[in-house]
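First up is the structure itself, then whatever we jot down about it.
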Amino acid sequence: MTLEIFEYLEKYDYEQVVFCQDKESGLKAIIAIHDTTLGPALGGTRMWTYDSEEAAIEDALRLAKGMTYKNAAAGLNLGGAKTVIIGDPRKDKSEAMFRALGRYIQGLNGRYITAEDVGTTVDDMDIIHEETDFVTGISPSFGSSGNPSPVTAYGVYRGMKAAAKEAFGTDNLEGKVIAVQGVGNVAYHLCKHLHAEGAKLIVTDINKEAVQRAVEEFGASAVEPNEIYGVECDIYAPCALGATVNDETIPQLKAKVIAGSANNQLKEDRHGDIIHEMGIVYAPDYVINAGGVINVADELYGYNRERALKRVESIYDTIAKVIEISKRDGIATYVAADRLAEERIASLKNSRSTYLRNGHDIISRR
């Protein structure tokens, strides 16, 4: 598609797009700020080999809007934004590049706070931190929360229990058969919680070592990647690639609940409508996997793990609220999640509007 930038920004109510260029380091980046009604915009920095500049802009805009909804639904006083860097993260990175980006972020004076994302690391965030305080997910020695995977997993576990309560009348997962697609960092910690509660696990992953670890530690059964959709199970937990709920997989599903850590689980919105009509309880991805962003957001107030985990625990209540809206309004849960986020933003729109205050009033609480 041909991107008419201002027409697009107006249509979806974006506030700002910043183009960042540094000739010496080769930095080419886009910072997209979607909405700051709730507070400064928080969203990660992604580095990717985009096919075109237009594709990079579109990705930044799409991801920024997604962060607005994720942060709002999570109850955070933060808006949504995203940075994308055009380049190959395996060979194009340099200290100069990330320091240049840090200066651009500093120039926004706290309207935008970044974190790591696909293609970037904690080390990259540490370099950005040399130029600005408006970055989270840095090394623990700087007061960071460290690896977010265990906290994200705990949030998914809590959200899964809320979805199970709706589907089975109880949130007790003991004896429930749960098919976990992908056994990476987040899913491994999710499996720990599920195994501890007495759930029976079926796992798959293209990484055979990860599968073997789950088999040995949790007594899981292993299947091939293309077999996971059709297994007899109570809950399907997509924790790897996105778009796994689609025309090909839906007819195979035997689960009554879909709840996992993967992003963009529905290939298209209509797939959310289809599973809703089938009576499958779907825990919307950006609500159930918000533990990571809740965790890093806590760094802005001086990281307290107990406080962060308590907030992540409330993902149970958020999923329950989404299900309540779904039933009340007769809509699919993915629509209900959007409605929950939009209602929260709208309730504060008149009183707060665009965030233009000096960001140090938040970041200084570290």
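Note: Cβ is positioned from N, Cα and C throughout, glycine not excepted.
Computed from a predicted structure; not experimentally measured.
The active site annotation in Swiss-Prot covers LYS82. For LYS82 (active site), the count of additional Cβ atoms within 10 Å of its Cβ stands at 28 [all protein chains shown].
Positions annotated as NAD(+) binding site by Swiss-Prot: GLY182, VAL183, GLY184, ASN185, VAL186, ALA187, TYR188. DSSP assigns VAL183 (NAD(+) binding site) to coil in the three-state reduction, outside any helix or strand.
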Spatial neighbours of GLY182 (NAD(+) binding site) that are distant in sequence (at least 6 apart) but have CB under 8 A: THR204, ASP205, PRO238, CYS239, ALA240, LEU241, ALA262
Env. residues of NAD(+) site, Cβ within 8 Å of mean position of GLY182, VAL183, GLY184, ASN185, VAL186, ALA187, TYR188 Cβ: SER149, ALA153, HIS189, LEU190, CYS191, ASP205, ALA210, CYS239, ALA240, SER261
Alpha-carbon spacing, VAL183 (NAD(+) binding site) to LYS82 (active site), which is rounded to whole Å: 27
Same-chain residues at least 6 apart in sequence whose Cβ lies under 8 Å from TYR188 (NAD(+) binding site): SER149, ALA153, ALA210, ARG213, ALA214
